[in-house]
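Visitor: The structure's right below; bear with me while I get my questions together.
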Amino acid sequence: MTLPSGDSSITNNTNQTLNEDEKRRLRREKLAALRQKKLAEAQNGEGNKRQEGNGNGTGQGTGNVAADLTTKRNEKQKVENSFAKLNSTSIDHSSTETQATSLEEKQRLLLKRQGQRIEDWKKNRSADTASHFPQRAKENLSHTRIAITKKSTFKLPKIKRNNNKRVFGFVNEDKEGGGGKEEEDEEEEFTKKKILKIANDDARDYLNYGEKFRKPVLEEAEDDLDQFIESISKSESFVDNNNGGKQVQEQNVEEEKQQQQQQQLEQEQEQEQEQLEKLPRYLAVNNNNNEDTDEVYRYEEDFDDEFDEDDEDDINKRLSAKLNKLQNTAKELKEIDHTSIEYPKFRKHFYQVPFEMSTMDNRELDMLRLELDNVRARGKNVPPPFLTWGQLLMPESVMSVIQNDLGFAKPSPIQCQAIPIVLSGRDMIGVAKTGSGKTLSYVLPMVRHIQDQLFPKPGEGPIGLVLSPTRELALQIEKEILKFSSTMDLKVCCCYGGSNIENQISELKRGVNVIVATPGRLIDLLAANGGRITTLRRTTFVVLDEADRMFDMGFEPQIQKIFTQIRPDKQTVLFSATFPRKLEQLAKKVLHNPIEIIVGGVSVVASEISQEIILFEDTDQLMNHKIQKLEDILSRFFDLGKNTGKVLVFVEKQTDADKLVSVLLKKAIPCIAIHGGKDQIDRKHAIREFSDDQSGINVLIATSIAARGLDVRNLDLVVNFEPPSHLEDYVHRVGRTGRAGKHGEAITFVDNTQEKEISILVKALKMSSRAVDSKLQEIADKFMKKIESGEEKRSSGFGGKGLEKLQNVRETNMQLQKKMFGNFKKEDGKKSHRDLSEQVDYFGSSSSSSSFPSSSNTTTTTTTTSTASAIEIPTFEIIEGNSPETSGPDKCKFYCRVTINDLPQKVRWGIVQRESLSKIIEASKTSITTRGQFYPPQSKQTPTNDQPKLYLLIEGLTRKAVEEAAVLIRDKMLQGVEAMRLDNHSAPTGRYVV
């Protein structure tokens, strides 16, 4: 766009010589002759007809001006108008000169004034040329994108719009012909209108009003002086007045308006310059687009909305918002409205019931499941199992892998029942012991799903998705799936943390059939690049492997977030070796009408594994004795000719693993360690070396990180150098051997002080129907007595409070039936608790204590009251102020001490469990901590101020928050009392419900 001209001196070209006297003299003579001719023609003009000069001929050139001077009358008017203009602008002439009536005198004065104006013009132009143009450009052209030349001679600007960068530079391009003052003014007006239009169009695109104005380009005349002389003769008009010869100076009024507009424009430009100085600028050199442009100042911040240049706070808010957007690194997934997406249909049902099974009735099928390692199936319309691979009617490409590569002559018990359920399109929960073939139970149906659908296009996402809790398990699953890729077009991508994400992104962009991933890394990939790397909209088959471990590691929020990205009609399969309560609750959320199958027993060691417990005496030489025993076991193992066998040794801590490796290496026993403290590349290297039969490393020292998902061929011996802390960990550790029907051996080291661990081992031996040593049984019985007295606490395992419930469900047919048909209702018990809560005075005065009501209108409340009558109910006294137990800046304003030492063991455990306290803390916004020391009921020790009885300290900022926490704790107590009552008064029930 062009820049409105406010200083006419800027429009001249300094490349032409202005001080040649000869040229100036010739031009003056030419001008005088022209004036004489015009004056003569004006005196002999016809009529009194007057015409106004045409001032809208900008850019028409000298040809249009000459045409306008054809009539004599117009020539006379222009001469008279020129005289009036010069006469009005002169500040040092008398009024008598301005009122001269003689045409000769007017002509003389006109020539004199023209000479003075020429000299003034020369002086002004010289001063402008010598001035520092970049500084003037900064003052007059202060817009966002401006190009400044550093040369002494400058070119007039030319419009050059760049939609990408919007950089405007000055160019050296003149037009041909001369332009007068009127053309200049009209071109200015035209340029302003054009600027206004462009500014309105571009205001939506960027913040800075920044289209740089530039001055109009005059058409080239003979030189600049000729332009000025011609402008004098063509820019002035003279109007005669019939009444008295009154002179009207319209041109002066127009020039004053233009000067006012120019001043206003300069003020606006100065305001914009002040705003732009507060914003970042970037300097760049632009030699490609304009040879005469040395420096280009660019403002490259583009906002979507136009800002108020008078409001600096508005600019700061926008900059802060943009900074916060850049700093927001949270991995948030886009919400998907599945109701608005029309997903393509897919087939789930592939299973055809074998003829042999279709002829069996339910009783015969139950007997068949009993023979298959006591398989139990719960749900509606459970498909019958199969017995041979041929009954599945799988493609030949799949059958060749099963029989030749995998070497499975017949399916395992869980495969016999799980594969028909999954191939029937049903959601399933599979609970089976480790090494029972769970992986193949979902790999075969997933492969069948993939074969029935088109290969995903790049960016569409996988058809099958397998989630695992650990990297090692993910790699093991990928290895099993890749065995089927040799006979079919199957592409698998294993995504896990600790590895290069760029390679995983490259594989996903090319397209894959299956993704095996850990939840955290999968969310990273789904959120990367705005969700354009991959999606889960094509996913129709989802597997959660080792689901119990996944939820114990805190992956539940990530899993729920992932499931929001998958189509609702997907098929979901969940496999686990244990099934705690919280896993059961989540299964109800993500599964639709599932079938639950249980093979063998939950947390039971496989019958193919022989178990041995070695008891040590607690002495100073305990570690040396254990190392010596381990060395003897390894020597005996390898001396028996099992040179190709592998040995896995479990320890409790990472430092113990490294120390044991150094000890064995000193004894010339090749070994390697793996634990969570090692990098992913070191862990992969350790597993690869241990799995390779030719590596020479047959001993692996590991923590419980290798207890799940590690499937190594010829792993014949597992040694627990340190015993596990809970039953599930023990089952998974020893489950690394004896896999796929092979025999294995497990040896565990314990000392006589590890009573808790010994009780776990004794329980595992009994559950697997193994003989128990009398010394071990004696220590276990001693520990159980301590538990009953409250001195010790039973291990909770992987949050495994649901294990006892599952065992009771399996043993009680009535509960199985109720849960299957949805008749089991917990509202009655909750209602009783609610009624009790409403009748109890929770918060009396500080000196009074709360107690259960003595009577109630309902039988349940009466029974609960009688049960609780023998229990000393703790008080809930809320005290205002800071508790003495808490120090530091986080003191609260209210607190309450609830003594739980004298509560029954079951009630006390139900309150202090981490999951229960976490829910109460989150709901009430308080802090709850366990303080004091446990004193058994028959203990002779007396509580002291330093060591009071076991109690809960509730702290909150408000009384209401502490009251809410106390109410929730009281409800937990009531639930515990109700559970005790049901256990004590439960009567035998029948199998059927009428």
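Just so it is clear, glycine is given a Cβ too, placed from its N, Cα and C backbone atoms.
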Visitor: Have a look at 273-276, 545-548, 557-560, 625-628 and point to the one annotated motif 'DEAD box' in Swiss-Prot.
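Guide: From Swiss-Prot, the annotated motif 'DEAD box' range turns out to be 545-548.
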Visitor: Between 387-416, 417-446, 957-986, which stretch does Swiss-Prot give the note motif 'Q motif'?
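Guide: Range annotated as motif 'Q motif' by Swiss-Prot: 387-416.
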Visitor: Please average pLDDT over the domain 'Helicase ATP-binding' (419-597) for the predicted structure.
Guide: 87
Visitor: Quick one: give me the count of other CB atoms within 10 A of the CB of Ser436 (ATP binding site).
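Guide: Ser436 (ATP binding site): 25 neighbouring Cβ atoms within 10 Å.
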Visitor: Per DSSP, what is the residue count of the motif 'DEAD box' (545-548) in each of helix, strand and coil?
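Guide: The counts are 2 helix, 0 strand, 2 coil.
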Visitor: Do you know the DSSP helix, strand and coil residue counts for the compositional bias 'Basic and acidic residues' (20-32)?
Guide: 12 helix, 0 strand, 1 coil
Visitor: Just to confirm: which same-chain residues, 6+ apart in sequence, have a Cβ under 8 Å from the Cβ of Lys438 (ATP binding site)?
Guide: Ile414, Ala418, Gly430, Ala432, Asp545, Phe575
Visitor: Once the chains shown are all counted, how many other Cβ atoms turn up within 10 Å of the Cβ of Gly437 (ATP binding site)?
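Guide: A count of 21.
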